[in-house]
Amino acid sequence: MNRVVVGLQWGDEGKGKVVTYLSRYHDIVARFSGGANAGHTVNYGDFKVIHHLLPSADFTKNRGIAIGSGVLLDPQVLTEELRELKEKFPDYSGEIFISESAHVVLPVHKEMDRIIDEVLKIGTTKRGIGPACADRVMRVNVRVAELGNEEKLRYFLEKNLSLKKIYGVDFDAEKMMGDLSTFYETIKDFVVSPVQLKRILEEKSVLFEGTQGVLLDLDVGTYPYVTSMNCSSSGVSAGMGFPVEVDEVLGVFKAYTTRVGEGPFPTELTGEEGEKLRKAGHEYGSTTGRPRRCGWLDLPLLRYAIEISGVDSLVMTKADVLNGFEKIKVCVRYSDGRDLVSLRDLEKKEPVYEVFDGWKSLEDKNFERFVDFIERETGRPVRYISTGEKLEDIVEV
C-alpha cells in the first residue's frame, strides 16, 4: 500500500512527526519535492531530530529512505544530516537511495536568494530554492549525476557562474568544484537512476512525504507568496521522476492556522490573541526561527486544499495547544458568501466565525464536537489526532 502525506495549510502542520509515526506501516519513506527550506521536527522522547532534507522515517525501526528527482539537495545540510543520522541512530541499517536526477543548491543560489528577496519581499527562507529552480529550468544547474564527472561538473558550474556575473555575483568555481567533489564522496553509495529507483519502490510499500503545504504550492497556492515547487499530491509522480500509484492521500492540518513570511491570511490574529496562540504552540520556524503568524482554523481554505490535492483522510495536529482556551473560533465561510474556488482575491476575504466552547483536555465532549464539526464541514474523516509533542502522542481514531 502506497500513501501520500501532504500539508493542507502554509506548512508547519506537523507532517514530520506524522510521517515518522506512519512509517512503521511502510517499508520506505520517500521525499518528492522541496529542499532545505523545509523543516520537519520529530521528538523521540530523549532527544529531538530536525530534518531539512532526509525523509522523516522512524530510524529506530530501520525504515528505508529515498530522495526523488524533485528534491533540491543542499550539500552542507545533507552531509550534516547524514552525520547526525549515524550519531543519533548508530544501529540504523535501513536502505538509503538518492536519485541522480536531483538538483543541487549551490552557494551562489543562496546569495541570489538574499538579493532577490530584498526586492520582491516574498519572505523566503534564503535557502537558495528559488534561484536553484530557475537554473534548473534554464538547464544550467548541477545535478547529482554531474558530481561524479569532473568534466561535466566544470562545464555546468562555469555556465552557471558566468550568468550570475550579470547580477554582480562572483564565486570561486575551483573551490566549489572541490566542495562538490567531497560531497559526492559522501553520497555516492546511495545514488541511483530514476529507473533503478522506480524498480526498487515498485517492490515496496511506500510513504511519500510532502513538504511545506498546499497553500504554498507554486501553481495552486497563494501566488506569488509561495514556494518554488509543487506541494500537493499532484507533484508526487513528477517529483519522483516516474509514475506512482497511490492508494490514499492523507492531509495534515493544525487545529488552528499559522504562516511564515508574507501573503494573505484571512483569520490572522494580531496583538495579544495572536501572541497567546504563538506562545502556546511554540510557533517559531524550525528552518528560520522566525515567529509564525497565527490565526484561527480556516475551513474554506482547508476545503480548497483538500479538493485540490485529492485528500481522502485527515490528520489533526496541535489540538492540545488549544487546551484551556475558553472559546475557540473557526472560520466557516467568508462574508461575500462565495464558495472558495480561487485564491486570487484572498487578501480581500473577511472571515465569518463559528464559536466553540473550549476544552481542558482532548477527552472533553467539547473537543469531540469540534472534531465532528470539522468532519461534517470537510466531508473527510479525521483518521489520526496528534495529542502532544512526542512521537507516540498520536491517537488513531
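Glycine residues also receive a Cβ, built from the backbone N, Cα and C atoms like all the rest.
Feature list (source: Swiss-Prot):
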| type | residues | note |
| --- | --- | --- |
| BINDING | 11-17, 39-41, ARG292, 318-320, 386-388 | GTP binding site |
| ACT_SITE | ASP12 | active site, proton acceptor |
| BINDING | ASP12, GLU13, GLY14, LYS15, ASN37, ALA38, GLY39, HIS40, THR125, ARG139, GLN212, THR227, ARG290 | IMP binding site |
| BINDING | ASP12, GLY39 | Mg(2+) binding site |
| ACT_SITE | HIS40 | active site, proton donor |
| BINDING | SER286, THR287, THR288, GLY289, ARG290, PRO291, ARG292 | substrate binding site |
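Features per Swiss-Prot, on structure.
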{"residue": "GLY11", "record": "GTP binding site", "Cβ neighbours (10 Å)": "26"}
{"residue": "ASP12", "record": "active site, proton acceptor", "Cβ neighbours (10 Å)": "28"}
{"residue": "GLY39", "record": "IMP binding site", "Cβ neighbours (10 Å)": "20"}
{"residue": "HIS40", "record": "active site, proton donor", "Cβ neighbours (10 Å)": "26"}
{"residue": "THR41", "record": "GTP binding site", "Cβ neighbours (10 Å)": "17"}
{"residue": "THR125", "record": "IMP binding site", "Cβ neighbours (10 Å)": "23"}
{"residue": "THR288", "record": "substrate binding site", "Cβ neighbours (10 Å)": "17"}
{"residue": "GLY289", "record": "substrate binding site", "Cβ neighbours (10 Å)": "8"}
{"residue": "ARG290", "record": "IMP binding site", "Cβ neighbours (10 Å)": "13"}
{"residue": "PRO291", "record": "substrate binding site", "Cβ neighbours (10 Å)": "15"}
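Cβ packing within 10 Å was compared across the binding-site residues LYS17, ARG292, and the lowest neighbour count falls to ARG292.
The Cβ of ALA319 (GTP binding site) has ALA255, LEU362, PHE367, PHE370, ILE385, SER386, THR387 as same-chain neighbours under 8 Å, each 6 or more residues away in sequence. Put simply, GLY39 is the one of the binding-site residues GLY11, LYS17, GLY39, THR41 whose Cα lies nearest to the Cα of THR288 (substrate binding site). The two recorded residues PRO291 (substrate binding site) and GLY39 (IMP binding site) have their Cα atoms spaced 14 Å from each other. A coil conformation is recorded for THR387 (GTP binding site) in the three-state DSSP classification, outside any helix or strand. Those residues noted as binding IMP (ASP12, GLU13, GLY14, LYS15, ASN37, ALA38, GLY39, HIS40, THR125, ARG139, GLN212, THR227, ARG290) have their most widely separated CA atoms at a distance of 34 Å. Secondary structure from DSSP puts GLN212 (IMP binding site) in coil.
Annotation note: LYS17 (GTP binding site) sits in a helical segment as assigned by DSSP.
Near HIS40 (active site, proton donor), with the C-alpha within 10 Å of its C-alpha, lie none of the binding-site residues THR125, GLY289, ARG290, ARG292. Note: the Cα of GLY14 (GTP binding site) and the Cα of ASN37 (IMP binding site) are spaced 15 Å from each other. Taking Cα separation as the measure, THR125 (IMP binding site) is nearest to GLY289 of the recorded positions GLY11, ASP12, LYS17, THR41, GLY289. The binding-site residues close to GLY39 (IMP binding site), defined as a CA atom within 10 A of its CA, are GLY11 out of GLY11, LYS17, ARG292. Ranking the recorded positions ASP12, LYS17, ASN37, THR41 by the distance of their Cα atoms from the Cα of ARG292 (substrate binding site) places ASP12 first.
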